[in-house]
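Copied over from TrEMBL:
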{"type": "DOMAIN", "residues": "61-549", "note": "domain 'Amino acid permease/ SLC12A'"}
{"type": "DOMAIN", "residues": "561-648", "note": "domain 'SLC12A transporter C-terminal'"}
{"type": "REGION", "residues": "1-52", "note": "region 'Disordered'"}
{"type": "TRANSMEM", "residues": "56-81", "note": "transmembrane segment"}
{"type": "TRANSMEM", "residues": "93-118", "note": "transmembrane segment"}
{"type": "TRANSMEM", "residues": "139-163", "note": "transmembrane segment"}
{"type": "TRANSMEM", "residues": "183-205", "note": "transmembrane segment"}
{"type": "TRANSMEM", "residues": "212-234", "note": "transmembrane segment"}
{"type": "TRANSMEM", "residues": "277-298", "note": "transmembrane segment"}
{"type": "TRANSMEM", "residues": "319-342", "note": "transmembrane segment"}
{"type": "TRANSMEM", "residues": "362-387", "note": "transmembrane segment"}
{"type": "TRANSMEM", "residues": "408-425", "note": "transmembrane segment"}
{"type": "TRANSMEM", "residues": "431-456", "note": "transmembrane segment"}
{"type": "TRANSMEM", "residues": "468-490", "note": "transmembrane segment"}
{"type": "TRANSMEM", "residues": "496-518", "note": "transmembrane segment"}
Amino acid sequence: MTERTPLLHYRLSASVTEPEEEKQQQQQQRRRPATLDERSAGAPGRSAESRPQHKLSTFFGVVVPTLLSMFSVVVFLRIGFVVGQSGLYQTFGMLLVAYFIICMTVLSVCAISTNGALDAGGAYYMISRALGPEFGGSIGIMFFFANVCGSALYVLGLVEAIISTFGVSQDVPSGQHVLPTGYWWSLLYATAILLVCLLVCLVGAHIYARATFLIFIIVIVVLCTIFISFFAVAPRSIAVPSLNSSVLSSANFTGFKLETLLGNLYADYSVDYTTGITMTFATVFAVMFNGCTGIMAGSNMSGDLKNPSYSIPRGTITAVIFTFVTYIVLSLLVACSCERLLLQRDYSFLRDINAWRPFVTIGVYSSTLSAAMSNLIGASRILYALARDDLIGRVLSPAKKTSRGGNPWVAVLISWFLVQLVLFSGKLNTIASIVTIFFLLVYAAVDLACLALEWASAPNFRPTFRYFTWHTCMLGIVGCAVMMFLINAIYASASIAFMLLLLLVIHYLSPTSSWGYITQALIFHQVRKYLLMLDVRKDHVKFWRPQVLLMVANPRSSVGLITFINDIKKSGLYVLGHVTLGDLDSLPSDPLQSRYESWLSLVDRLNIKAFVNLTLADSVRHGVQHLLFISGLGGMRPNTLVLGFYDDCDPKDLLQDPPAQSAIFPDSLAASQDVEEQLPLQFPALRSMAINGGGKVLGPGEYVAIIADAVKMLKNVVLARYFCHFDRTEALSQRGEPLYVDVWPLNLLRPDSSSYVDTCSLFLLQMACVLNMVRAWRRARLRLFLCVEEGRSLRGPEGKLGHLLRDLRITADVHTVPWDQVVALHWQRQDAAAAARARQRDDQDVAEVSDEGEDDYVNSFPSNTARLSDDYLQAVNRLILHQSCPLPAVRFLYLPRPPADTHRYLTYLHQLDLLTRDLGPTLLIHGVTPVITTDL
């Protein structure tokens, strides 16, 4: 009776082993908790010079394990199945396609392995160090599960092979068995085999490493006997099972005959006699493809190699070529000497035609047991590497424990336990499909890592293996993806979804690493390309957006303003600027480098989208000039300068008050409490208001000079007052109450002017509209206040303004405010002498402005600085306060241009102080560029 073996999708995963000597030294030198940097280097607190020398050569370290992984049991039990179903032509086509796919991945593996020093970890190490901890960790976990399932797959396959041989004997009466059969008996045999594998792994990986060469010799000898048998064995008839009855039929081993070859050239897909399922090209290709994988075995031995960068490419390519030639020759011999019926009905026919039948059985047993141990060892080493890198927090902490010899025994036990759980399923085909898909996903990830490194064009990516391009990486990714969905579309989709879920989990749980993030290199490459394409000469007012430079003296008191400006930037550039006073000539090093980390942490904690730009200057004015000149890049440069108001408002430390932190940082994670405690300590304490004139490093004259400098540089200017106590969350959280934003587009320091349609007024409207477009501020209503004289018809101004708002697509409530008494108060305070002196100053101011080439009457701010009285300004202030029912969240006011005469700077600042006193959060805005258009 012919022994039968069910159709199994055998799959071998790679072995990940680490030298025991290295582990022992690592354990002895571990005297303190290892940082992630040290763990990623492979050994805590140990220099590269103190590491032990690797022992394995190219042949023993790469060629042998890769050959064993790629041959597995497919060469013994499935080569006839593939030829019998698909024919010789399609078999050759399948082999070419399959090897083309894996060769693309081999090229990627060779490129990455020759780009620097490799440590133990194989594919996980390469992917994690190339793509970062998130992607590498998610693929590493799937690689671990693939090894676990692969170990269970081979254990079950070995059990079926044993039962097929010893379960039924022709030497005893029918119905009696040498070995009992059944589900529980099979589970018992599988558990016993897995226990043997566990004992080997607990002792150490070196036992398997020493046995590898012996297993390799056995497999090669068996292959030689198979090749010899095709020539030495005489033609014979072999009994094969029948599909429709229990009666056996016969098929012939004909020897080399042309008739036999012609009968096996074309495909003839039929029903699989073990499963009753009709075979197709896809199902046969999936089975055959399992024999072409296992290319990572040599890469996973990187920790044991003398020269990984030399051995991995040469050894892997050698093994791939050898297996390809073996499969081609064996397929040809089978097609020339075996009838199709024999190939389709007897998957173990090589044993029946062998010169000595036990040879093939020994080959099946040895290769399968070797693969089971290899997967179990690989799973434990991957789990240990994941635990050592702390990618999932404390979940895998127990797996870090090692024996005195450095063997990760806890990881071995965890892997053994999971394999034992998989054994309970007993469904080999299901396990085989999942394992194959997981490994294909790992191969695709390696191709993706190489593709990303190539596209990033980083100078340090210069592998010595140059026989690859981004095209080969892309072909490898596409090939692996196609094979995944060809094998099983549902399992492939579920695997990708599982990988993305793991990626998100690790993203939030893993600590910051120093491995380098390929995403940063890719982003840099793309941003540089698009910045070069962003031509400032093609700017158009239709696509204008605010690009803000916010000057921050101390973040402790500026949290409210920082978060508010983040709302008003409208997807534009947002830069936090800071000036440190000092002279680099008198300092040993740049003091700003150590402060960037604190500022970037502040950006993360406030959950804002901003850049940080710090500068060192001899004065604040010069520092702001530096930042206005150099901030940004290409077409992305600040067009708006935002300054806090110059007043004596007592600042409040919002980074030290815990209740304030909880309100300011609503999106922060509880896991970052340590950062929260350290963050306030990185910024200097707030100035004392009782000493040194308020403790300010910036004088009022210099402050106004900064505004004047920004206007000269054609930058819009925004002065923010009373934002030191602004709480964005509190302002937006009152759902039941209306939310208002007040806009005063008239120059209130020019009572003799009623224009509200100049460039500055339109810029004011645009900024208010931008704030109203932000999702959090959409429920706010804009209130536009129009100052008019009593007795005059309001239809003209209101109608003109309403028509303008409709053209600009701005929704606002227009309120008219009579201000005759305020204007009269201004003019009544002027006597003839004052008016004469004012006219003289007007002439002088006009002459100065003319010399500077300025011709904008409204924005030039003539001599009103001298003419305006405090009573008038206080009256305007009261007028604004009286129109604030209900109280607005923020006000937008017109900011006049600073006077040309520097002697009037203090008067100008005093007038702004009186105008905005006690108004609450207020923005004084001065625009210099057109930002609004009615064109489509």
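Quick reminder: no glycine exception, Cβ is built from N, Cα and C everywhere.
Where the annotation comes from TrEMBL, it is an automatic prediction and has not been curated.
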Candidate ranges 139-163, 183-205, 212-234 - greatest C-beta contact count to the transmembrane segment (56-81) (under 8 angstroms): 212-234
In contact by Cβ distance (the transmembrane segment (277-298), the transmembrane segment (319-342); 3 or more pairs under 8 Å): yes
Any contact, the transmembrane segment (183-205) to the transmembrane segment (408-425), with at least 3 Cβ pairs under 8 A: yes
Interface-richest range of 212-234, 277-298, 408-425 toward the transmembrane segment (93-118), CB pairs under 8 Å: 277-298
Winner by Cβ pairs under 8 Å against the transmembrane segment (408-425), considering only 139-163, 212-234, 277-298, 468-490: 139-163
Same-chain residues at least 6 beyond the ends of the transmembrane segment (277-298) whose Cβ lies under 8 Å from its Cβ atoms: 7, 9-15, 61-63, 65-66, 68-72, 74-75, 78-79, 81-82, 85-86, 90-91, 94-95, 97-99, 101-102, 105-106, 109, 122-123, 267, 269-271, 311-312, 315-316, 319-320, 323, 327, 374, 432-433, 436, 439-440, 442-443, 483, 486-487
Counts of helix, strand and coil residues, the domain 'SLC12A transporter C-terminal' (561-648), according to DSSP: 33 helix, 22 strand, 33 coil
